[in-house]
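S.K.: One structure follows; several queries about it will come next.
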Amino acid sequence: MMEVNRINWSTADEETKKRILTRASMDISDQIPVVSEICANVSARGDQAVLEYTKQFDGVNLTAIEMRVTPEEYALGKAQVDPEVAAALRYAAKNIRAFHEAQKPQPMWMMEVDDGILAGEKVTPITDVALYVPRGKGSFPSVLLMLGTPAVVAGVERIVVLTPPNPEGKVDPAILFVADLLGITEMYKVGGAQAVAAAAYGTETIPKCAKILGPGNPYVTAAKRLLMGVIDPGIPAGPSEAIIVADGLATPYKVALDLLIEAEHGPDSASLLVTDSESLADAVLHDLEQLIATIKNPMRRAYVLEVLRRYGGIIVTKSVSDSIAFVNEYAPEHLEVMIQDPFSYLQSIVNAGEILLGEHTPITLCNFLLGPNAILPTGRHARTVSSVSLHDFLKRSSIGYVTEKALQRMAPYAVAMADVEGFETHGDAIRKRFINKSS
Ligand SMILES: NC(=O)c1ccc[n+]([C@@H]2O[C@H](COP(=O)([O-])OP(=O)(O)OC[C@H]3O[C@@H](n4cnc5c(N)ncnc54)[C@H](O)[C@@H]3O)[C@@H](O)[C@H]2O)c1
Ligand SMILES: N[C@H](CO)Cc1c[nH]c[nH+]1
Ligand SMILES: [Zn+2]
């Protein structure tokens, strides 16, 4: 008999509630000491330190030159991609591109806020960005599609891909295929905390970047948190997590199938069914047991079992509105709504990285090829943070222009505000302008 959390939310004790709501991604205290040392070493010894850590953690002995993926490796890797996979990646790339093109803001806008006073904004791409594509418990060409597409559409000048090498010192051919599809030519075989540190400080081989984006394990997360004063760490994207919110009319088999999607990422992931129906919970449990027995990969089966007894499982609520309240408190990365008339709940769901409606929109689709970005905030950050988007690769500069006549009108107000805040030279820049002019 497998062990699955089944928690009645209205009567659950505080400790259980805290474990479920907190999940794994917030606690990186175990990784901080080792990651601090990695960051300090990479800052002091550059390539040499990166290569030592690559040997220690990825089991590969590379030279500095071998870290950069060569055009020959691109060509060889691309040729190894199965035609069916290539077609799928092309299809995904098309949808993801279309979605992110639609996010394009106006390059510049201006308005007259008052007579003779113009104000607006100008949008500029970030010049250099590192994209972290994980490769520990899986291979993630889709992550490169999700990161690379908005970077390319935004017009980022220098796009640098960092991804751990496999034990043979190679990059996954599908990653090379996607990079080529996107026209990204700069890639380094480096992973974990040492990759984040290398992008933050720069080494002899790996360029210093202004920002790093991409999900990763607790070592990657810890490095981003420690180096946030040196490099912009982008959105917090840690262990994957999902909620399937369902009522008594949902199909148990489909709920069970979808509950297993994100549970296979790793033992620290979370996957929850939230339902007001005890009978749905019973039926899903039954189907889960049968489905888990059919998972072929023993590592993935072990992850799923661990997730369901640790941070995942089934939450039983008293009503659909209590289920929605739980969702909003939890703020999941991925959310599936398997309630009758799912569109009618869209307004009341306020905290979720992604909201997938109905029984025919499993998380798998949005992970890979629906179009929206699958790199989403985890660990309750969906309360304030959005998915990766075009806007992560752009920044806005405010623009202002004032005529002489308008300045005269604004002057007394500006001086009054400078004086009340006690800023003398702020006020003088207005006052003395007029004195000088008349003398
Ligand atoms: N939120 C999202 O959008 C999203 C998307 C995809 C994946 N993910 C998550 O990203 C994570 C990917 O993690 P991963 O492990 O598969 O790949 P990863 O690339 O993040 O980690 C692998 C690297 O970790 C380092 N490492 C491993 N053991 C170490 C140790 N003991 N000490 C120091 N460094 C060590 C190694 O350098 C290795 O290169 C998963 O948790 C997955 O759920 C999230
Ligand atoms: N579920 C991940 C985001 O949490 C995305 C992904 C890529 N591949 C498989 N899954
Ligand atoms: Zn996934």
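Yeah, the Cβs are placed from backbone N, Cα and C, and that goes for glycine too.
The active site, proton acceptor annotation in TrEMBL covers Glu333, His334. For Tyr132, Gln194, Asn217, the entry in TrEMBL reads NAD(+) binding site.
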S.K.: In the structure shown, which of the binding-site residues Gln194, Asn217 has the fewest other Cβ atoms within 10 Å?
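M.R.: Comparing Cβ neighbours within 10 Å for the binding-site residues Gln194, Asn217, Asn217 has the fewest.
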S.K.: For His334 (active site, proton acceptor), which residues in the same chain are close in space, meaning a Cβ under 8 Å from its Cβ, but six or more apart along the sequence?
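M.R.: Ser240, Glu241, Ala242, Ile243, Glu262, Ala352, Gly353, Glu354, Leu356, Ile363, Cys366, Leu376 - these are the non-local Cβ neighbours of His334 (active site, proton acceptor), listed in sequence order.
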S.K.: Among Tyr132, Gln194, Asn217, the annotated NAD(+) contacts, find the widest CA pair distance and round it to a whole Å.
M.R.: 13
S.K.: What is the set of residues, excluding Tyr132, Gln194, Asn217, whose C-beta falls within 8 angstroms of the centroid of the C-beta atoms at the NAD(+) site?
M.R.: Pro134, Leu162, Pro164, Gly191, Gly192, Ala193, Ala195, Val196, Gly216, Tyr219, Val220, Ala223
S.K.: Which recorded positions among Tyr132, Asn217, His334 have CB under 6 Å of ligand 1?
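M.R.: Among Tyr132, Asn217, His334, near ligand 1: Asn217.
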S.K.: Any idea what the Cα distance is from Glu333 (active site, proton acceptor) over to Asn217 (NAD(+) binding site), rounded to a whole Å?
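M.R.: Glu333 (active site, proton acceptor) and Asn217 (NAD(+) binding site) have their Cα atoms 15 Å apart.
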S.K.: Suppose we draw a 10 Å sphere around the Cβ of Glu333 (active site, proton acceptor). How many other Cβ atoms does it contain, all chains included?
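M.R.: Total other Cβ atoms inside 10 Å, all chains included: 31.
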S.K.: In three-state terms from DSSP, label Gln194 (NAD(+) binding site) for me.
M.R.: helix
S.K.: Determine the Cβ neighbour count for Tyr132 (NAD(+) binding site): the number of other Cβ atoms within 10 Å of its Cβ.
M.R.: 32
